[in-house]
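Some notes on the structure that comes next.
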Amino acid sequence: DGCGHTILGPESGTLASINYPQTSPNSTVCEWEIRVKPGQRVQLKFGDFDIDDSDSCHSSYLRVHNGIGPTRTEIGKYCGFGFQMDGLITSKSNEVTVQFMSGTHTSGRGFLAAYSTTDKSDLITCLDNASHFSEPEFNKYCPAGCVIPFADISGTIPHGYRDSSSLCMAGVHAGVVSNTLGGQINVVISKGIPYYEGSLANNVTSKVGPLSTSLFTFKTSGCYGTLGMESGVIPDSQITASSILEWSDQTGQVNIWKPENARLKRVGPPWAAFISDEHQWLQIDLNKEKRITGIITTGSTLAEYYYYVSAYRISYSDDAQKWTVYREPGMDKDKIFQGNTELYQEVRNNFIPPIIARFFRINPLKWHQKIAMKVELLGCQFSIGRAPKITMPPPPQNKNNDRNDDFSDDFIHSVKTSLQTDKTTFTPEIKNTTVTPSVTKDVALAAVLVPVLVMVFTTLILILVCAWHWRNRKKKSEGTYDLPYWDRAGWWKGMKQFLPTKSAEHEETPVRYSSSEISHLRPREVPTMLQTESAEYAQPLVGGIVGTLHQRSTFKPEEGKEASYADLDPYNSPIQEVYHAYAEPLPITGPEYATPIIMDMSSHPSAPLGVPSISTFKAAGNQAPPLVGTYNKLLSRTDSTSSAQALYDTPKGQSGPGAADELVYQVPQSVAHSTGSKDE
């Protein structure tokens, strides 16, 4: 009658005296028999030890034995108030007996101890908390049975737990370890927060906690993502139920609480069964096998309908035909999960080890008023292949065939046992909750495509850079007066401002000479072709005569007073050279001066040689350039019967002398502007 809190697992466990941590009653006794796998040994660690030693361990003590039964041998006998036992007590076999005796005493809490196999060198007890360790990150092994009523925790995942919380009890609450099996925890210490929330998970209630200097969290495999109930990834057609609650309210509206309403945090009514009994179920089809690590449930979440499920059972299947009820490893009974205690609070339960299945079914066992709930599943993609095919090794050569058959049977049995144990107790870590079953192929494909794409893009960039550089070099190599190739098409638009009106551009304006006026003209020798030396400036631009240009214009103002058409009288002024204010540079290989216009006057009488003529050509220096080419002279032929003086005709549209004998000639380049008097 002296046994207190006790959980004896296959690899670890927790045991305590009756009424711990209060004073143990007088005259009580308890004996624990601990067994682990053959070939292993047991180690025992005390978290608290407070036994009366007033009679030198005669009536109150704790005794540890190697073995079980009458053949056991004593390892040690212990007593004392606040006794600190350094290190571990280790057995010599896989069996240990622990005996507690409480005599007459007035004080003493008794004891709390944890055990495990000797391969768990970092064993701790259920009373250890984060403040007992100075490392910022550490690994420890928690024994089974650390959900104890006399310990408390504050906080929840993912925010963290207050540093005063029991490490192992917080590990159970977080779903990192199982209270039935125990397990390894990876703890990370960080700065505390002002407020710690409370929640109910895995049959552990976390309380609200105040500010603390530090907190701790757990490193996990990361397989705790939602599987699609809340988000809608799981379609309505894949959520079914045994029955559906349907009724009409006072207004006559029909209410149907369908299975697809059973989505966590979804506004509105939940799923509810038409009949409330232990044969109802809610089924979820995940479309393919998933690794399911937990479940979160709530009640109806409607204040006027105070419905919720307080306990349930879990079944799973690969084909929706053969169902397996979830059990914890080493247990011969179905596990009953604690559900909700009211209709709003979210309650989480984790599966250790996780469930690998496509179809998931919830079977309510206890409820309040009616069966109604909302659900979300936790887990990740299942990307681990199935168990490899077993290859039998050849049996040892032996003349005894019976022994060979026995060996084969024993080997097959041991392989099956090993595979079953690995499947239920050791689960491979999944580092990413979004890994798909084809991740290996995708990685191999990416390893090939990524370098190829990088090379292609690099080549394109180099080609563009080289083209840009080549274009810039070509642009720099162009002459000072040369037009870039992209500007040559639009040169004429830029030259229109220097040209006369449209009629002068496209029409050849005739000039009439009378026979009396032609006699005043004298022949004038004008070069038709120029030397190859380039002149500084070319002829001025006048309407109707300019041919196709091939170079960009440059402008040079004349020094002194600028000549204009108003200052020049082409009819009466003496010989004078008139220059345009701006000029066009000539090409290096072209003639230095413009080609004069040849006027055919063979049918007119010759004029006296004393009549001056107007020229618009500028020679380099004082000497006229030598004459080259076929046409060396400009011959002005006049009729001998004409008048003695040759004058220009009057502007177009006005009457003048000798109108009857007028001849039409091409307008000279120097006086092209006189044709525009009519338009003006």
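Yeah, the Cβs are placed from backbone N, Cα and C, and that goes for glycine too.
It should be emphasised that the depicted structure is a prediction, and the values quoted were computed from it without experimental measurement.
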Residues flagged as region 'Disordered' in TrEMBL, choosing from 9-50, 471-512, 639-680: 639-680
Other CB atoms, at most 10 A from the CB of Cys3 (disulfide bond): 15
Cβ neighbours of Cys30 (disulfide bond) where a neighbour is any other Cβ within 10 Å: 20
Mean predicted confidence [pLDDT] for the domain 'LCCL' (120-216): 94
Structural state census, the domain 'LCCL' (120-216) (DSSP three-state): 11 helix, 38 strand, 48 coil
